[in-house]
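Quick look at what TrEMBL annotates:
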DOMAIN    4-183  domain 'Josephin'
ACT_SITE  Cys17  active site
ACT_SITE  His119  active site
ACT_SITE  Asp134  active site
Amino acid sequence: MPTSSSVYHEKQSRQLCALHALNNLFQGDQSYTKAELDDICSNLSPDVWINPHRSVLGLGNYDINVIMTALQKRNCEAIWFDKRKDPSVINLDAIVGFILNIPTDYKFGFVTLPLQRRHWIAVRRIGDFYYNLDSKLREPDLLGNDVEMLQFLREQLSDEGQREVFLVLEQKNGAAATADRWLKKEEPHNSGLGT
(Lines of atoms letter the chains of each structure in order from A and count residues from 1; the text may use other names and numbers.)
(Lines give C-alpha, C1' and ligand atoms only; values in the text may rest on other atoms or scores of the structure.)
Protein backbone atom coordinates (compact mmCIF):
# COMPACT_ATOMS: atom_id res chain seq x y z
CA MET A 1 0.00 0.00 0.00
CA PRO A 2 1.44 3.42 -0.94
CA THR A 3 2.07 5.63 2.04
CA SER A 4 0.29 8.98 2.06
CA SER A 5 3.70 10.66 1.71
CA SER A 6 4.28 8.82 -1.61
CA VAL A 7 0.94 10.00 -3.04
CA TYR A 8 1.06 13.27 -5.02
CA HIS A 9 -1.05 15.87 -3.20
CA GLU A 10 -1.27 19.57 -4.04
CA LYS A 11 -2.52 21.72 -1.19
CA GLN A 12 -5.04 24.54 -1.47
CA SER A 13 -3.82 27.89 -2.78
CA ARG A 14 -6.17 30.83 -3.37
CA GLN A 15 -9.24 29.75 -5.40
CA LEU A 16 -7.39 27.12 -7.42
CA CYS A 17 -9.15 23.99 -6.16
CA ALA A 18 -10.04 22.93 -9.73
CA LEU A 19 -6.37 23.13 -10.71
CA HIS A 20 -5.35 21.14 -7.62
CA ALA A 21 -8.10 18.56 -8.22
CA LEU A 22 -6.91 17.98 -11.79
CA ASN A 23 -3.24 17.69 -10.80
CA ASN A 24 -4.08 15.42 -7.85
CA LEU A 25 -6.24 13.27 -10.12
CA PHE A 26 -3.35 12.73 -12.54
CA GLN A 27 -0.84 12.49 -9.69
CA GLY A 28 1.27 15.33 -11.04
CA ASP A 29 1.80 13.61 -14.40
CA GLN A 30 0.92 15.97 -17.25
CA SER A 31 0.31 18.71 -14.69
CA TYR A 32 -1.96 21.61 -15.51
CA THR A 33 -1.09 25.25 -14.87
CA LYS A 34 -3.22 28.24 -13.97
CA ALA A 35 -2.24 29.80 -17.32
CA GLU A 36 -3.57 26.71 -19.15
CA LEU A 37 -6.91 26.87 -17.31
CA ASP A 38 -7.13 30.64 -17.94
CA ASP A 39 -6.55 29.99 -21.67
CA ILE A 40 -9.40 27.47 -21.62
CA CYS A 41 -11.65 30.12 -20.02
CA SER A 42 -10.73 32.59 -22.76
CA ASN A 43 -11.39 30.02 -25.49
CA LEU A 44 -14.75 29.05 -23.98
CA SER A 45 -15.91 32.68 -23.84
CA PRO A 46 -13.85 34.85 -26.18
CA ASP A 47 -14.48 38.56 -26.45
CA VAL A 48 -16.05 38.98 -23.01
CA TRP A 49 -14.85 41.39 -20.40
CA ILE A 50 -15.95 39.27 -17.41
CA ASN A 51 -15.38 35.58 -18.04
CA PRO A 52 -18.24 33.41 -16.71
CA HIS A 53 -16.00 30.36 -16.27
CA ARG A 54 -13.82 31.72 -13.43
CA SER A 55 -13.94 34.26 -10.64
CA VAL A 56 -14.46 37.90 -11.55
CA LEU A 57 -10.93 38.74 -10.40
CA GLY A 58 -9.44 35.87 -12.43
CA LEU A 59 -8.01 34.18 -9.32
CA GLY A 60 -9.47 30.76 -10.07
CA ASN A 61 -12.82 29.35 -8.99
CA TYR A 62 -13.12 27.56 -12.35
CA ASP A 63 -16.40 25.91 -13.37
CA ILE A 64 -17.09 22.41 -14.69
CA ASN A 65 -16.77 23.57 -18.32
CA VAL A 66 -13.10 24.36 -17.70
CA ILE A 67 -12.52 21.04 -15.96
CA MET A 68 -14.20 19.09 -18.77
CA THR A 69 -12.18 20.89 -21.44
CA ALA A 70 -8.96 20.38 -19.46
CA LEU A 71 -9.70 16.65 -19.20
CA GLN A 72 -10.33 16.43 -22.96
CA LYS A 73 -6.84 17.86 -23.52
CA ARG A 74 -5.51 14.80 -21.64
CA ASN A 75 -7.70 12.35 -23.60
CA CYS A 76 -10.21 11.97 -20.76
CA GLU A 77 -13.79 13.00 -20.17
CA ALA A 78 -16.02 13.73 -17.19
CA ILE A 79 -19.45 12.13 -16.95
CA TRP A 80 -21.96 13.47 -14.44
CA PHE A 81 -23.22 10.76 -12.10
CA ASP A 82 -26.97 10.78 -11.50
CA LYS A 83 -27.29 10.71 -7.70
CA ARG A 84 -30.60 8.86 -7.95
CA LYS A 85 -28.55 5.76 -8.78
CA ASP A 86 -26.62 3.80 -6.22
CA PRO A 87 -22.84 3.99 -6.75
CA SER A 88 -22.75 0.16 -6.90
CA VAL A 89 -23.70 0.47 -10.62
CA ILE A 90 -20.29 2.03 -11.34
CA ASN A 91 -17.70 -0.17 -13.02
CA LEU A 92 -14.76 1.01 -10.91
CA ASP A 93 -12.26 -0.68 -13.26
CA ALA A 94 -13.31 1.69 -16.07
CA ILE A 95 -12.80 4.84 -14.00
CA VAL A 96 -9.61 6.93 -13.96
CA GLY A 97 -10.91 8.75 -10.89
CA PHE A 98 -13.63 11.02 -9.56
CA ILE A 99 -14.03 14.77 -9.30
CA LEU A 100 -16.51 15.97 -6.71
CA ASN A 101 -18.02 19.40 -6.29
CA ILE A 102 -18.90 19.98 -2.66
CA PRO A 103 -20.07 22.91 -0.54
CA THR A 104 -17.47 24.38 1.79
CA ASP A 105 -17.52 27.09 4.41
CA TYR A 106 -16.21 30.53 3.58
CA LYS A 107 -13.48 31.51 6.02
CA PHE A 108 -11.85 34.86 6.52
CA GLY A 109 -8.82 34.21 8.70
CA PHE A 110 -10.10 32.33 11.75
CA VAL A 111 -13.69 33.49 11.26
CA THR A 112 -16.19 31.27 9.44
CA LEU A 113 -18.72 33.40 7.58
CA PRO A 114 -22.34 32.27 7.07
CA LEU A 115 -21.68 31.75 3.35
CA GLN A 116 -20.84 28.66 1.38
CA ARG A 117 -18.71 28.28 -1.71
CA ARG A 118 -18.21 25.35 -4.04
CA HIS A 119 -15.02 23.31 -3.85
CA TRP A 120 -13.52 20.74 -6.27
CA ILE A 121 -11.82 17.59 -4.98
CA ALA A 122 -10.30 14.55 -6.64
CA VAL A 123 -10.57 10.92 -5.55
CA ARG A 124 -8.70 8.09 -7.22
CA ARG A 125 -7.33 4.62 -6.82
CA ILE A 126 -3.59 4.36 -6.29
CA GLY A 127 -2.46 0.76 -6.17
CA ASP A 128 -5.28 -1.20 -4.53
CA PHE A 129 -6.71 1.65 -2.46
CA TYR A 130 -8.70 4.83 -3.01
CA TYR A 131 -7.59 8.20 -1.67
CA ASN A 132 -9.45 11.44 -1.08
CA LEU A 133 -7.05 14.02 -2.50
CA ASP A 134 -8.91 17.12 -1.32
CA SER A 135 -6.44 20.01 -1.48
CA LYS A 136 -7.76 21.30 1.86
CA LEU A 137 -6.61 18.14 3.65
CA ARG A 138 -3.24 18.12 5.40
CA GLU A 139 -2.40 14.87 3.59
CA PRO A 140 -4.23 12.38 1.34
CA ASP A 141 -7.02 10.54 3.16
CA LEU A 142 -6.98 6.76 2.66
CA LEU A 143 -10.57 5.72 1.89
CA GLY A 144 -9.89 2.01 1.41
CA ASN A 145 -10.93 -0.67 -1.05
CA ASP A 146 -13.76 -0.78 -3.63
CA VAL A 147 -16.46 -1.40 -1.02
CA GLU A 148 -15.28 1.49 1.14
CA MET A 149 -15.05 3.73 -1.91
CA LEU A 150 -18.65 3.02 -2.87
CA GLN A 151 -19.73 3.78 0.70
CA PHE A 152 -17.81 7.09 0.55
CA LEU A 153 -19.69 8.00 -2.63
CA ARG A 154 -23.04 7.08 -1.03
CA GLU A 155 -22.27 9.37 1.91
CA GLN A 156 -21.26 12.22 -0.39
CA LEU A 157 -24.39 11.89 -2.50
CA SER A 158 -26.75 11.67 0.47
CA ASP A 159 -25.92 15.23 1.55
CA GLU A 160 -29.22 16.94 0.69
CA GLY A 161 -28.39 17.20 -3.02
CA GLN A 162 -25.54 19.63 -2.41
CA ARG A 163 -22.77 17.48 -3.86
CA GLU A 164 -22.06 16.48 -7.44
CA VAL A 165 -19.92 13.58 -8.62
CA PHE A 166 -18.22 13.37 -12.01
CA LEU A 167 -16.68 10.11 -13.24
CA VAL A 168 -13.43 10.57 -15.12
CA LEU A 169 -12.80 8.08 -17.93
CA GLU A 170 -10.30 7.82 -20.74
CA GLN A 171 -11.87 8.85 -24.04
CA LYS A 172 -12.63 6.15 -26.56
CA ASN A 173 -13.37 6.57 -30.25
CA GLY A 174 -17.03 7.32 -30.87
CA ALA A 175 -19.78 8.40 -28.51
CA ALA A 176 -21.32 4.93 -28.39
CA ALA A 177 -18.04 3.45 -27.18
CA THR A 178 -18.02 5.88 -24.27
CA ALA A 179 -21.68 6.15 -23.30
CA ASP A 180 -22.08 3.26 -20.85
CA ARG A 181 -18.53 2.06 -20.20
CA TRP A 182 -18.78 3.26 -16.63
CA LEU A 183 -21.82 1.07 -15.91
CA LYS A 184 -21.38 -2.44 -14.57
CA LYS A 185 -22.65 -5.04 -17.00
CA GLU A 186 -25.69 -6.84 -15.69
CA GLU A 187 -25.24 -10.51 -14.98
CA PRO A 188 -27.45 -12.73 -17.17
CA HIS A 189 -30.42 -13.97 -15.16
CA ASN A 190 -31.04 -17.68 -14.90
CA SER A 191 -34.78 -18.26 -15.15
CA GLY A 192 -34.45 -21.61 -13.44
CA LEU A 193 -36.19 -23.31 -16.40
CA GLY A 194 -34.45 -26.16 -18.16
CA THR A 195 -33.50 -25.86 -21.80
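One is the number of the first residue shown, and numbering goes on along the chain from there.
Positions of Cβ are set from backbone N, Cα and C atoms, glycine also.
Set side by side, the active-site residues Cys17, His119, Asp134 differ in how many other CB atoms lie within 10 angstroms of their CB, and the most is found at Cys17. The distance from the Cα of Asp134 (active site) to the Cα of His119 (active site) comes to 9 Å. Within the model, the domain 'Josephin' (4-183) shows a mean pLDDT value of 85, rounded to a whole number. Taking the C-alpha positions, the distance from His119 (active site) to Cys17 (active site) comes to 6 Å.
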